[in-house]
């Protein structure tokens with residue numbers, strides 16, 4: 001078994017001084033400080049029970065933090081922002097958009113963009129992945145430089161002992177600082193959660209906005225109906241840009257239309273053209289066609305705003321076609337052969353995304369039809385109804401009538417190592433209580449599987465990803481051919497890449 005060596009744990013989760021050492025300006029020090037800005041599972045549970053949801057005050061606070069690091073919201077306009085919200089596919093849409101712009105940049109046919117920024121979440125292996133320049137994660141050196149720029153500006157503004165913005169807010173501030181400092185002239189920004197009150201929604205005059213496919217997710221924060229969620233997501237629509245979306249449920253579409261009208265803009269529904277086929281794009285899955293066509297429309301709107309619109313069908317443009325073909329977005333319908341095992345990685349973590357993953361996997365029968373060991377490695381930790389998510393995956397898998405029958409199912413936490421705990425850049429305090437991983441979610445999933453599937457497969461719980469991989473390797477030793485599907489969360493997918501020591505970018 002080839003796995004990466006556990007990395008030294010940099011922190012003690014029980015310490016009130018988490019992340020404050022070493023004091024030197026190193027990447028390790030930056031990660032320590034960043035991790036100190038997370039909330040643990042107990043705090044998040046209290047907030048959920050209180051019904052504390054994002055509101056206007058969230059944006060007041062974010063504007064305050066932006067001013068503390070030396071910027072006004074109007075300063076963000078120079079980045080020519082493409083802003084993307086949605087439940088399913090917003091990350092892929094951002095990746096397609098960035099890839100197209102990179103190919104246009106490479107062609108030299110247009111004067112813009114000279115520097116492309118992209119901000120997405122979460123990351124797979126390294127937090128550097130969240131902030132990209134020209135299609136590549138920023139280096140650890142650049143991350144360290146800009147991290148401490150922001151950290152020290154905040155301390156100078158409010159004092160070293162004052163409360164700082166939480167993890168995602170801090171990284172959002174840092175992304176703005178990186179992009180402005182590096183003279184980015186096309187910034188693709190993925191919303192974290194929702195839209196109206198999301199930390200990214202300080203942009204006053206975006207070049208283009210889009211809401212991808214909608215579904216029920218983060219209901220404790222965004223609302224219990226598709227209409228409520230649509231209202232939140234459409235909060236990114238602004239008067240300065242056409243409001244784009246894809247085909248939606250009628251109740252969602254009505255809300256999007258009304259929200260666009262409120263912002264004095266018009267809603268444009270993008271439908272994949274007949275000439276766009278799965279073999280033209282670099283990410284697997286029929287569900288990517290909608291994300292692809294949204295990305296193409298975002299690029300069109302970007303250049304309309306820049307004053308140099310396309311004068312031909314974009315699907316006949318070589319640079320756009322190359323952007324679709326050469327897109328790189330790891331951990332999404334990704335197939336690899338590692339240690340003589342066929343692996344399928346997909347970080348789907350919503351009902352809609354997991355159903356789409358199941359449908360895609362059912363269409364890839366050649367991956368597992370000869371395998372006598374067929375393993376599902378699944379993780380869910382923080383969503384409202386993890387069993388419903390697992391059911392959605394199985395629904396997609398079984399809907400074709402030719403779905404895979406798993407011989408083994410492993411429900412794992414997203415803790416990386418059994419001795420060292422989390423890999424520092426994968427730390428997720430919001431799934432930890434008293435320095436221990438929260439296992440009850442995995443135990444509930446395992447119990448449901450056993451009750452629903454009986455003895456058709458062997459179901460177990462793994463306290464860490466390392467132990468889950470050890471179980472996979474043990475099964476492999478007794479099998480001729482082994483297939484593993486890793487899904488349920490990007491945190492699990494990234495952790496498996498770490499344990500298997502696989503590069504992402």
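Backbone N, Cα and C atoms are what each Cβ position is placed from, and that goes for glycine too.
Remark: residue 92 (ATP binding site) has 283, 288, 291, 329, 332 as non-local neighbours, by Cβ distance under 8 Å and separation of at least 6 in sequence. Annotated ATP binding site per Swiss-Prot: 89, 90, 91, 92, 332, 346, in sequence order.
Secondary structure at residue 121 (Mg(2+) 1 binding site), taken from DSSP and collapsed to helix, strand or coil, is coil. Here Swiss-Prot flags 121, 190 as Mg(2+) 1 binding site, drawing on similarity to another entry.
As annotated by Swiss-Prot, Mg(2+) 2 binding site applies to 218, with the evidence given as similarity to another entry.
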Shell list (ATP; ref centroid = CB of 89, 90, 91, 92, 332, 346; cutoff 8 A) | 88, 93, 95, 283, 288, 291, 329, 347, 348, 353
Near residue 89 (ATP binding site), which residues of its own chain have a C-beta under 8 A away, given they sit six or more steps off in sequence?
-> 212, 213, 287, 288, 290, 291, 294, 353
For residue 91 (ATP binding site), the same-chain residues 6+ apart in sequence with C-beta under 8 angstroms from its C-beta are 120, 190, 329, 332
Between residue 346 (ATP binding site) and residue 218 (Mg(2+) 2 binding site), what is the CA-CA distance rounded to a whole number of Å?
-> 20
DSSP three-state call for residue 91 (ATP binding site): helix, strand or coil?
-> helix
Candidates 90, 218, 332 (binding-site residues); min other-Cβ count within 10 Å returns 218
Once the DSSP letters are reduced so that anything not helix or strand counts as coil, what is residue 332 (ATP binding site)?
-> coil
Can you give the largest Cα to Cα distance in Å, as a whole number, for the residues 89, 90, 91, 92, 332, 346 that bind ATP in the record?
-> 15
